[in-house]
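Enquirer: Quick paste of what TrEMBL says about this protein:
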TRANSMEM  41-65  transmembrane segment
DOMAIN    109-240  domain 'Peptidase S54 rhomboid'
TRANSMEM  118-138  transmembrane segment
TRANSMEM  150-169  transmembrane segment
TRANSMEM  175-196  transmembrane segment
TRANSMEM  203-220  transmembrane segment
TRANSMEM  226-242  transmembrane segment
TRANSMEM  254-273  transmembrane segment
Amino acid sequence: MRDAAVGFQCPDCVSEGAKETRQGLTPFGGKRSANPQATSIGLIAINVAIWVAVVATGGAGSWLADQLMLSPLGSCLANDPGTWFPNATTAELCSQVPGASWHPGLADGAFWQVLTHGFVHVGIWHIALNAMGLWILGPPVERVLGRARFLAVYLLSTLGAGATVFAFADVHSSTLGASGGVFGLMGALLLISWRVGGDVRGLLMLLALNAFITVTIPGISWQGHLGGFVAGAVATAVLVLAPKGPHRARWQWAGLALIGLVIAAAFVARGLALA
């Protein structure tokens, strides 16, 4: 890997991709993006817009953030951020507590949280670091996979992160941020570099550093990072290992759909266990 104008560039990926430029396809069958930075910029813009809305509605105490972040079970929250009423376990009981508001959880029916948690931030450093990760890792992945496959990998990574949080995090915890998707892009770039015979040492060092930060700094969701990385790596493996030929795209999208079904089944199974 070497520095490029945007993020990192894998020389082997570029040379491999050049072989298929005339057909307008990426090395793994996707339609070549005219601007590989555009999708990452769009994702960053969505994250920033939601962050601005969260700040405008109270920051750490924002009702919008409470609705969008992923919580396995609902919580009755006080007006003071970080304070909650553990005995008020339903919206009805919470409504009887003066000055409290109900924060719905995924198992209570807040199904949108499976995806929205990956686009909401509260702290400026949180969104800045995740935006930087998207800016560095997103374009090289899109350059090799194409826009549609890049988006599929990113969204599956976000969903995989959410499923892992739902399964293993404290039921009254709340998780938010794009880092699950960013870790999925790390897994994607690692699989791509390995597939084309590139030097993966730089990526492994980056991954090791982020894993160290994840397990040593309190408050970071190791579940989200692990789930995002695994989902991104598996989804990319489906894309880069699919056999060449006229049915390559069919195999790729069927594989991605299967991953989505497995993630959905994990959500359902955990939801039934918490019911």
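The backbone N, Cα and C atoms fix where each Cβ goes, and this holds for glycine too.
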Enquirer: What is the number of residues in the domain 'Peptidase S54 rhomboid' (109-240) that are helix, strand and coil, as DSSP sees it?
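Expert: Reading the DSSP string over the domain 'Peptidase S54 rhomboid' (109-240) gives 103 helix, 1 strand, 28 coil.
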Enquirer: So what pLDDT does the domain 'Peptidase S54 rhomboid' (109-240) average out to?
Expert: 96
Enquirer: Using Cβ atoms and a strict cutoff of less than 8 Å, what residues sit near the transmembrane segment (254-273) while being 6 or more residues removed from its termini?
Expert: 72, 106-107, 114, 152, 156, 159-160, 162-163, 166-167, 231, 234-235, 238-239, 242
